[in-house]
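Peer 1: Feature list, courtesy of TrEMBL:
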- 14-148: domain 'EamA' (DOMAIN)
- 158-292: domain 'EamA' (DOMAIN)
- 12-29: transmembrane segment (TRANSMEM)
- 41-60: transmembrane segment (TRANSMEM)
- 81-100: transmembrane segment (TRANSMEM)
- 106-125: transmembrane segment (TRANSMEM)
- 132-149: transmembrane segment (TRANSMEM)
- 161-178: transmembrane segment (TRANSMEM)
- 190-208: transmembrane segment (TRANSMEM)
- 220-238: transmembrane segment (TRANSMEM)
- 250-270: transmembrane segment (TRANSMEM)
- 282-302: transmembrane segment (TRANSMEM)
Amino acid sequence: MSHTHTPHLPRATIALWLCAFIWGTTFLFQKTAMDHIPPLLFNAARFTFSVATLLLFLFWQRVRAHEHSQWFTHDELKYGVLLGIILCGGITLQQIGVVHTTTSNASFITGLYVVLVPFFTRLVFGTPLKAWQLAMSALAGVGLFFLSTPDNNLNFNRGDIIILASTLLWAAHVGLMNRLSNKGRVVQMTLAQLTICAIISIGATIVFDPAPNWDKFSLAIPSLIYAGALSGGIAFMLQMYGQKTVSPSVAAIILSLESVFGALAGWYVLKDPFNARNLFGASLMLAAIVLIQFTDNIEAWLKKWAKRNNRPA
């Protein structure tokens, strides 16, 4: 088995920033690709690019390290398939939802997964749910209202609801990833996930969209390369590299900036509307995403303050 080294902190931090940038700006390419090909075909081609990228990387890694161990262990395949099914569901819903909403909304709503993860781990693993987490979730919900509803209309955009459903699956994926990441090598488990995503997406395309317009497929190739090779392949490896050194809470804060990069890309390139109301909602959501990372620190500080002043915590 190959040995990995621990990256220097500045390099690891830069890697996570690059990862957040790539993931955030991928919303732009997801949106523009829908002008040429349907969502299912996009995902099938995207994951194929991702698998090809990671296969090349893994092959190069094994040759460079003179590695002769098996490519995958039983656990890597088993847990990789489980995570891949959830990941495929999240990305498919996201891809469908982005057709019906703005890039800005899609990127910010997706960022809610950071807030939802504690609820998932509470339901599945019994992890205690703290008051600060509930407060930040409520704050994010208010932000989502201002971001996704025009004026005071309570009816969410259909695309926003689909994106929110995908975000629930993202939260499940992240929650499970924390528990299963130690079951195997990171690159192998990622490759297993993306391979099952490619297989499911190709099957769904054959069943539900057997006759897509192939004449326009070539126009979507630049978007597919970005979303597949960069977002699906390179960005995942940047995340793995960065999280070898950067603590999980700090890494989550950096990666949550993908929502900011996505909103800026949609506003600057696609001219997505982004008025004061949208900005206020986005600010509340971003505040919730960032503040929830500090709940443990805040609780510890409050207990220390209460103890110092002889008050019950």
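FYI, residue positions are counted from 1 along the chain as it appears here.
Backbone N, Cα and C atoms are what each Cβ position is placed from, and that goes for glycine too.
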Peer 1: Would the transmembrane segment (250-270) count as touching the transmembrane segment (106-125), if touching means at least three Cβ pairs under 8 Å and pairs must be 6 or more apart in sequence?
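Peer 2: They are in contact.
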Peer 1: Do any residues of this chain, six or more beyond the ends of the transmembrane segment (81-100), have a C-beta under 8 angstroms from a C-beta of it, and if so which?
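Peer 2: Sequence-remote neighbours of the transmembrane segment (81-100) are 27, 30-31, 34, 39-40, 42-43, 47, 106, 110, 157-163, 165-167, 169-170, 172-173, 176-177, 180, 189, 192-197, 200-201, 204.
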Peer 1: Using DSSP, how many residues in the domain 'EamA' (158-292) fall into helix, strand and coil?
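Peer 2: Tallying H, G and I as helix, E and B as strand, the rest coil: 115 helix, 0 strand, 20 coil.
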Peer 1: Taking 12-29, 41-60, 161-178, 190-208, 220-238 as candidates, which has the most Cβ pairs under 8 Å with the transmembrane segment (106-125)?
Peer 2: 161-178
Peer 1: Taking the domain 'EamA' (158-292) alone, what is its mean pLDDT?
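Peer 2: Mean pLDDT, the domain 'EamA' (158-292): 82.
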Peer 1: With a cut-off of 8 Å between Cβ atoms, can you find at least three pairs linking the transmembrane segment (41-60) to the transmembrane segment (161-178)? Only pairs 6 or more residues apart in sequence count.
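Peer 2: No, these stretches are not in contact.
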Peer 1: By Cβ distance under 8 Å, which residues at least 6 away from the ends of the transmembrane segment (132-149) in the same chain are close to it?
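Peer 2: For the transmembrane segment (132-149), the sequence-distant neighbours (Cβ-Cβ under 8 Å, at least 6 residues beyond its ends) are 101, 104-105, 108-109, 112, 115-116, 118-119, 155-157, 160, 164, 277-278, 280-289, 291-292, 295, 298-299.
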Peer 1: What counts of helix, strand and coil residues does DSSP assign across the domain 'EamA' (14-148)?
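Peer 2: Summed by class, the stretch gives 110 helix, 0 strand, 25 coil.
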